[in-house]
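Taken verbatim from TrEMBL:
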type: TRANSMEM; residues: 12-34; note: transmembrane segment
type: TRANSMEM; residues: 54-73; note: transmembrane segment
type: DOMAIN; residues: 107-218; note: domain 'Phosphatidic acid phosphatase type 2/haloperoxidase'
type: TRANSMEM; residues: 107-131; note: transmembrane segment
type: TRANSMEM; residues: 151-172; note: transmembrane segment
type: TRANSMEM; residues: 179-198; note: transmembrane segment
type: TRANSMEM; residues: 204-221; note: transmembrane segment
Amino acid sequence: MFLTSNNKIKWGWLGVGTVVTAGLVVAGIFWFDAPVSGFLRHFNYELWGVFDKIFDAKVWLIVSAVVLLVFYIKKAIKFGVRYKNARNQPSLAAVCNDFMSKVRSSYAFFVLCSVLVASVIGQILKIVIGRARPGFEFGPVVFDHWALSDVYHSMPSGHTFASFAGLVMLGLLAPKIKWFTWTLAIVIGVSRICVGAHWPSDVIFGAFIGMVVADFVKAWLKKHGAEIGR
């Protein structure tokens, strides 16, 4: 969203997005969080429980890591056979360097890095902000900064920042499915409000974190030589 076609951050648009997001978060806390949350709770379907299980940040990390591990193994076997059968065998260091460049150019590596960075940032913010979850009926303006209890880890939404970090990254890497990845990310975010796990402003903040992290991670990896399909 804030990345040009040549992987440069649009700092101006990022600034606008930050201001708009901050405004929406503040407005949510003091104005629309309670009524919107109350309305969406009427759409608490069983499907959202499935989303809760499969789009958790930990699941994103585990699945990405497993896919990357499989990719590692396949590439290792392929490179091992090539190294063994080569007439003029390259140095082991050269083979390892080539192997790592291939691995760093996989979709799974990009997604794993994006979700991992977003998760670290998001978890720190959850503790620092310490906002009470809506399910405990404390109200939208109750905070306990630096709280370690999950009761006060409502902002930002973990499912949302992980899903946006992963799905927006996939959309950046495969623009043809961008409409699907964005739609799914938004649905996941809304589902967190429907099940009463988060306030709307938690989801807005989480979505922004995921989007920004995906942009920065992709820009950083590209800058340091990672190329999809290499």
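Backbone N, Cα and C atoms are what each Cβ position is placed from, and that goes for glycine too.
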Quick one: find which recorded stretch in 54-73, 107-131, 151-172, 179-198, 204-221 has the most Cβ pairs under 8 Å with the transmembrane segment (12-34). 204-221
With the transmembrane segment (204-221) as the reference, find which of 54-73, 107-131, 151-172, 179-198 contributes the most Cβ pairs under 8 Å. 151-172
For the domain 'Phosphatidic acid phosphatase type 2/haloperoxidase' (107-218), provide the mean pLDDT of the predicted model. 95
